[in-house]
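Report on one structure; see the data block that follows.
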Amino acid sequence: MEVIGSTEGYTFDDGSDHDDVTKIFVGGGRQGIHYIEFEYVKNGQLESGVHLGVRYRGFTETFEINHLNNEHLESVEGYYDYGSGYIQGLQFKTNFRVSELIGYDEGTKFSLSVKGKRIIGFHGYMKERKIISLGGYFSWIHPRKMEAKGSKGGNQWDDGTNNDGVTKIHVRGGVEGIQYIKFDYVRKSGQHINGSIHGLSGSGFTQTFEIDHLNNEHLVCVEGYYDDESGVIQALQFKTNIKTSELLGYKKGKKFSLVDKRKKIVGFHGYADKNLNSLGAYFTTVSPTKSECYGSSKGIYWDDGVFDFIRTVYVSSNVMNVRCIKFHYYNRAVVVRQHGWNSIVEEDGEKEFELDYPNKLITSVEGTMKSFSPSEIRISSLTFKTSKGRTSTTIGIASGTKFLLASKGCAVVGFYGRHDDRDLVAIGAYFSPLPPPTAEKLQAQGGNQGDSWDDGVFEGVRKLYVGQGKNCVAFLKVVYDSNTQVVIGEDHGNKTLFEVKEYELEYPSEYITAVDGCYNKVNGTEVEVITMLRIQTNKRTSIPVGCESNSSFVLKKEGYKIVGFHGKASNMINQLGVHIVPLTE
């Protein structure tokens, strides 16, 4: 992009062969910006640009860009004074955050930006040791293409990357595997696109999976199975930042996964003929959202930016207000940021709030701000809440006007605000969508005989049918919930002449927290089977089915709920295990 400002000076040019901008140093005074330096990264190595100007007395600011966290510089805004011929102020915007204005908002406003591109270098002009113009080099922001999983039989297809997200998925399956797949998208302009069918339709089943992009839901992962012998995708399962679909198809062949940490899927590609032969995806960074900043508009502006997660928060307060706040963030290493009073001291009532990542993430911050005079506002209290429903003690004195930092389905990944030389006077937060809960498979308990079975992972359990045989549990069938749809699991074991107990849960408010039982050898054989089962929910405990025996077990993990069952069965239930996910609010 051509320079904005005067060209009556000598040029500087950092070039356009960098990967990203990583750090910006700016110095200035009343006459304008008189010093600037850019730091870049190229092939993983840091490089310094030209040192421009001289550091006089005045202000000096540094703005860091975390390229390791997929942050990149998108635009530069500033002010140019045609009278003096100098740039007066600069402000930098990344895909995650915006810097404070460095300098003064005097003169004509200008902007260096190109939609869909990032800045990778700078050039411009200087005169009398001051910056008189600035231009940028831009590069396209390309979604990352993940190689298609499966075989390369059939015809190649590609939905492209000109999308903001996936809105609906149509899957047609049959006895040979997935017959066709179709994706509907939403463009960055908001236009809805009905995608093309990849494959052919035959006899079988058709299922759909909808994604509510209007409420910040997006597709983050696809898992599936493909058969090497037939070269056909056998099953697919889709995960968003909010929910997981049921397994569409049959669990046969090799398992594969399409996922990229902290990114969303915006397009698909692959191969298809009479069936779907392979599937790949395009990923792009999910930009965090920035909340309103509550409190005073005065004081020193600070912005911590965006991190993977927050490990610990320390807050120091007195009887009047919050004095200091310190965060232990994590981005491959612990990063400490502190704002307010120059040190946290015990006599000021310092409180610590530690989080157990990834099980606990800060999802909201409640606070109060108090006005001590028309021009003096301070943060008087803070309370932190997590994704597991845990709430910190209220730090400070809850007095004044209440405020809330929260975003539905999101976690806090960074903070910004203002402080003066004594206290915290304003605070805001960055939010990123909560990661989908990852299911954990607890080892099955019981005997080793029988055929293996696995119902898979769902959003929850709606109902169970448990049948008692002679001295054993002979039958099990589970009804699940997937995206508000009822999914009826397969029969395991054999129905008997004995009574089949039905346990219906008050879904979704009620969920299974544990299953306990017993197993033993029966009928004088060497075959071990489940002899008793009992279900425990967050509200009640069921009456046991079967008879207790010497070997007992409990399938449970504190802070988790059961969302699927697996095990072994013959004409009885030989073995039982569960799938669990962390509890969320």
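From the backbone N, Cα and C atoms, a Cβ is placed for every residue, glycine too.
Curation plays no part in TrEMBL annotations; they are all automatic predictions.
Sequence annotations record features per position, and here TrEMBL assigns domain 'Jacalin-type lectin' to 1-140 (among others).
For the domain 'Jacalin-type lectin' (143-285), the model's average pLDDT works out to 91. The domain 'Jacalin-type lectin' annotation in TrEMBL covers 143-285 (among others).
Feature annotation from TrEMBL assigns domain 'Jacalin-type lectin' to 288-433 (among others).
The domain 'Jacalin-type lectin' feature in TrEMBL is assigned to 439-582 (among others). Look at the domain 'Jacalin-type lectin' (439-582): DSSP puts its residues at 0 helix, 92 strand, 52 coil.
The residues of the domain 'Jacalin-type lectin' (143-285), classed with DSSP into helix (H, G, I), strand (E, B) and coil, number 3 helix, 92 strand, 48 coil. Counted with DSSP, the domain 'Jacalin-type lectin' (288-433) comes out as 3 helix, 89 strand, 54 coil.
In the domain 'Jacalin-type lectin' (1-140), helix, strand and coil residues by DSSP number 3 helix, 88 strand, 49 coil.
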